[in-house]
Amino acid sequence: MRKVGLLLTAVLLLAVFSAGCISSSSENANTSEKETTLIVFHAGSLSIPFQGLENEFSAYAEKNLGLKVKFQDEASGSVMAVRKVTDLHRKADIVATADYTLIPQMLVPNYTDFYVLFATNEIVIAFTEESKYADEMKAHPEKWYEILARDDVSFGFSDPNQDPCGYRSVMVMKLADLYYGKPIFETLVEKNTNIYANGTHIYAPKEIQVKNNRIVIRPKETDLTGLVESGSLDYFFIYKSVAEQHNLSYITLPDEINLKDFSKADYYGQVEITLGSTGKTIKAKPIVYGVTVLKDAPNRELAIEFLKFLLGEEGKKVFMENHQDFLNPPVAFGNVPEEIKGLVEVRELTLGQP
């Protein structure tokens, strides 16, 4: 009888253990089913605010949606972010660019049917205390183009073919010609690179070449940040938000050239640039960021939830904390999803509008 009792006990223990394993496996399966990924291609200048926003959204989704959300996050120049979709045919849920016009020009109608304008910025010249003539630059910011033209000074901007900050930087220097009445573009750009201008129309060859070691060009604007911080580069053209996020010194430029002032849109529009990489011509205009969810987004429903989060109070808070101005309200065009209509001003596209 004792043997029978021991055998019965062993069988019961085995049954309990097996049930526990099955239950645990089932729970693990359910947990894994609740894990999901959002793929985001975004401008380099959005890296810090998007990192904060994604962390906030992950916590929100786990608490309110019962989902563990991971982000496959790729920062690049905005032109490259778009071309990952159009040229490389890569899948993504969300594309966010530093120039909203890239979305209607390159993604509508084949890849998306709506877009939202949500944030602004301005071009500044950033540096550190170790940059050559830093004290003079701070004391006399109006001499910025004279300081950059000195033979012992190095400066940089991002590749116009890959990054809006790059084509905006060279357009700023062409606008400076008009504002100051001096050949600043020729001195700073044409003498140092193969980028050239015919009047106020700038041409950026597909393969950008530099003619000396005074100028540095990188795929996206944030690639230059480390060079300035390490002392390898004296100055660079960058967005104000990025300069502040990295605690860099910087000078602001007149509103006539910094691409910040919406009331000066017509003045900015005197200058345009043709990109060798795409063949497209872009007019200078106030800096406005854009975002969209792609038609074939692998996780479209959740991507719309993230977009709602970005455009809501949480997104505004994160952007303000990272020194970037948010449009109030954001402006949406196209076939705007019902879920975000309460957070945006919906406008109709007009003839000739990008």
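Along the chain as shown, residues are numbered 1 onward.
In case you wondered, yes, glycine gets a Cβ from its N, Cα and C as well.
Feature annotations, courtesy of Swiss-Prot:
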- GLY44, SER45, SER78, ASP163, PRO164, CYS165, GLU221, TYR239: tungstate binding site (BINDING)
- GLY44, SER45, SER78, ASP163, PRO164, CYS165, GLU221, TYR239: molybdate binding site (BINDING)
- 1-23: signal peptide (SIGNAL)
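The DSSP secondary structure for ASP163 (tungstate binding site) is coil. Residue environment of GLU221 (tungstate binding site) contains 29 other Cβ atoms, counted within 10 Å of its Cβ in all protein chains. Long-range Cβ proximity for CYS165 (tungstate binding site), meaning a same-chain Cβ under 8 A and a gap of 6 or more residues, is found for GLY44, SER45, GLY77, ALA98, ILE123, PHE157, SER158, LYS220, GLU221, PHE237, ILE238, TYR239. Secondary structure at TYR239 (tungstate binding site), taken from DSSP and collapsed to helix, strand or coil, is strand.
Taking the Cβ of TYR239 (tungstate binding site) as centre and 10 Å as the limit, one finds 30 other Cβ atoms among all the protein chains shown. GLU221 (tungstate binding site) falls within a helix when secondary structure is assigned with DSSP. Using a 10 Å Cβ-Cβ cutoff, GLY44 (tungstate binding site) registers 28 neighbours. Within the same chain, residues at least 6 positions away in sequence whose Cβ sits under 8 Å from that of SER78 (tungstate binding site) are ALA43, THR97, ALA98, ASP99, LEU102, ASP163, PRO164. According to DSSP, SER78 (tungstate binding site) is assigned to a helical segment.
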